[in-house]
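Visitor: The structure under discussion is supplied below as structure tokens; questions concerning it will follow.
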Amino acid sequence: MLYDSQEKYGAVSRFFHWAMAVLIFWQMLKLFDRINEGEHWVGQVLVPWHISIGVLLLVLIIVRIGWFMSQRANRPPVDEQLAVFVKVGHGLLYLGMVLMPVTGLAYMVGKGYGLTVFGVQLVAKSDGIAWLASIGGLHPYIAWTLLVLIAGHIVMAFVHQFIKKDGLLQRMLG
Ligand code: HEM
Ligand code: HEM
């Protein structure tokens, strides 16, 4: 089933969830630049894709929000007692997924570094734009906040799976 239903998320929502989860995990490897100034396999092979994958994630989140809007009347219901908590939590995850690439772009263009995505130059190097660079300066702070939110999200998924044993994870696994 492509579409979501009351029982489970459909193939399209599951694709967005897991493909983006993997790519976001990849993006978080940028933190490894703090170890030995990135002079290791992760820093040399995986992290150089940061900007291209970041822009890909921006495209994916725009389409995912559109898909979410089209499906929202017919998705698996959230736990009634925790409804506000779950909705705010998922809302913040969406916000983080929008703000990360937006501030990343602001960083590159604001600092005048230009923008090259999968080998295609989209913005040339320039003198930079100071106000845009200061918005870009928020990128690492939002990254750490999103990391904490994701950790909480994963813990809750495991609480449902192993403590509540209510099969919630299955709704996202198909
Ligand atoms: C969902 C998308 C993204 C995630 C999850 C993400 C995550 C991160 C993380 C975890 C860091 C390391 C922060 C730290 O060391 O404290 C970082 C740094 C950085 N990111 Fe991203 N990023 C994303 C998208 C982008 C995009 C689209 C760009 C550029 C177009 C970008 C450019 C940068 C740059 C230039 C840095 C280094 C900043 C510095 O050294 O202060 N990121 N990002
Ligand atoms: C090992 C990693 C992960 C696991 C086990 C996991 C598990 C789940 C589960 C079981 C649901 C369904 C919750 C429900 O039906 O109420 C869900 C939904 C959701 N997850 Fe994750 N998740 C993971 C990673 C992520 C990441 C990295 C993000 C994004 C930053 C994310 C964002 C979301 C969002 C926004 C929803 C709401 C459904 C939607 O609109 O797509 N998840 N997750």
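The backbone N, Cα and C atoms fix where each Cβ goes, glycine too.
For reference, TrEMBL lists these features for the protein:
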type	residues	note
DOMAIN	9-174	domain 'Cytochrome b561 bacterial/Ni-hydrogenase'
TRANSMEM	12-29	transmembrane segment
TRANSMEM	49-70	transmembrane segment
TRANSMEM	91-110	transmembrane segment
TRANSMEM	141-163	transmembrane segment
Visitor: Do any residues, 6 or more residues outside the transmembrane segment (49-70), come within under 8 Å Cβ-to-Cβ of it, and if so which ones?
Guide: 12-13, 16, 19-20, 23-24, 26-27, 30, 94, 97-98, 100-102, 104-105, 108, 115-118
Visitor: Looking only at the domain 'Cytochrome b561 bacterial/Ni-hydrogenase' (9-174), what is the model's average confidence as pLDDT?
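Guide: When the pLDDT values over the domain 'Cytochrome b561 bacterial/Ni-hydrogenase' (9-174) are averaged, the result is 97.
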